[in-house]
């Protein structure tokens, strides 16, 4: 991706459907045979990878105009192979549905972005609490249970994937399951809403205690994927960093309160409605500190983009990453553009240098890091070339087209 610094962005831009809601919802289709229909499904590499995995399990996936259809048949095999799972961590989310519906699942241990260990132990402990037998051998996890039984399970640490996987498994268990210290992310709420449309009985989603009353059967439904709050936040920061005026539509500002609060604290004027947010031109902004944490606090998935904004702020900002231990890989690349950042294990000190970034060749290391490099490139003088943008395609739908529509000089070269 070649990015030229080109002054303020101006205009209106819409967000796509949320990747992090779409993936668990697609895997949840395994709970109900028949035809599931989705709207607002983003066209992303991770959606392609999920389709490939579902197809390998006997499903049929296809686009019908703007709708995405998943036809679920009884799988000929209950194994999700290494070749498919290594592309994307979220693939492990097929385990809960298969285990609940068919009593067995064999899933390769996961891959995805290299931003920390993100262990699957909490998922497996949750399955065990529902009565499943788990064995691990030769890089695969084998789970089996004639019939899952409801129970109470406390997550030792907050885990989004673990909450989703165990919640899906519990929908078909005998009796009531209570998940304590559950994750509260909006994407979990979207998943629970789809499961309830299929006939599940879930309450408490969006709080730290989720209650699932098991049912005998689920049936396919139709659902619109929620807007992507991380993409919305990235686009808002793009407007801010270029001193532009950008309105982001088809979003839910209530999902981004932590980001909006910090941007206002830095000096930006931001106006919101129920489903839009506008950032106004700001000549200079102050450095502010952030600490990432599970929702509703500052999202780790916006940490890299916010760091880009802080590289050109007035003053010094301290960025603390509490969610993943290896999430400062963008620091060395931002430094190549002239940013002044001192990283330690989980803390980065960013000394703002407004107007001092200059274009250079940089390399994306993960999905959100790639976005931060594009944002920095928008305000660096000269040309910034971001390589390995396949990371970007995993989670952003046509980001260069959206930024171009706002006046950015950005193009993709093969």
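Positions of Cβ are set from backbone N, Cα and C atoms, glycine also.
According to DSSP, residue 20 (phosphoenolpyruvate binding site) sits within a helical segment. The phosphoenolpyruvate binding site annotation in Swiss-Prot covers 19, 20.
Among the features that Swiss-Prot reports, UDP-N-acetyl-alpha-D-glucosamine binding site is placed at 89, 118, 119, 120, 121, 122, 301, 323. Counting only same-chain residues at least 6 apart in sequence, none has a Cβ under 8 Å from the Cβ of residue 119 (UDP-N-acetyl-alpha-D-glucosamine binding site). Residue 119 (UDP-N-acetyl-alpha-D-glucosamine binding site) falls outside any helix or strand according to DSSP and counts as coil.
According to Swiss-Prot, the feature active site, proton donor maps to 113.
Per Swiss-Prot, 2-(S-cysteinyl)pyruvic acid O-phosphothioketal is recorded for 113.
If you take the C-beta of residue 19 (phosphoenolpyruvate binding site) and look for same-chain residues 6 or more apart in sequence within under 8 angstroms, you find 42, 44, 46, 47, 228, 230, 394, 395. In sequence order, 160, 185, 187, 228, 230, 301 make up the list of same-chain residues 6 or more apart from residue 20 (phosphoenolpyruvate binding site) whose Cβ falls under 8 Å from its Cβ. Taking all protein chains in view, 24 other C-beta atoms sit within 10 angstroms of the C-beta of residue 301 (UDP-N-acetyl-alpha-D-glucosamine binding site).
DSSP assigns residue 323 (UDP-N-acetyl-alpha-D-glucosamine binding site) to coil in the three-state reduction, outside any helix or strand. Following the DSSP three-state reduction, the secondary structure of residue 301 (UDP-N-acetyl-alpha-D-glucosamine binding site) is helix.
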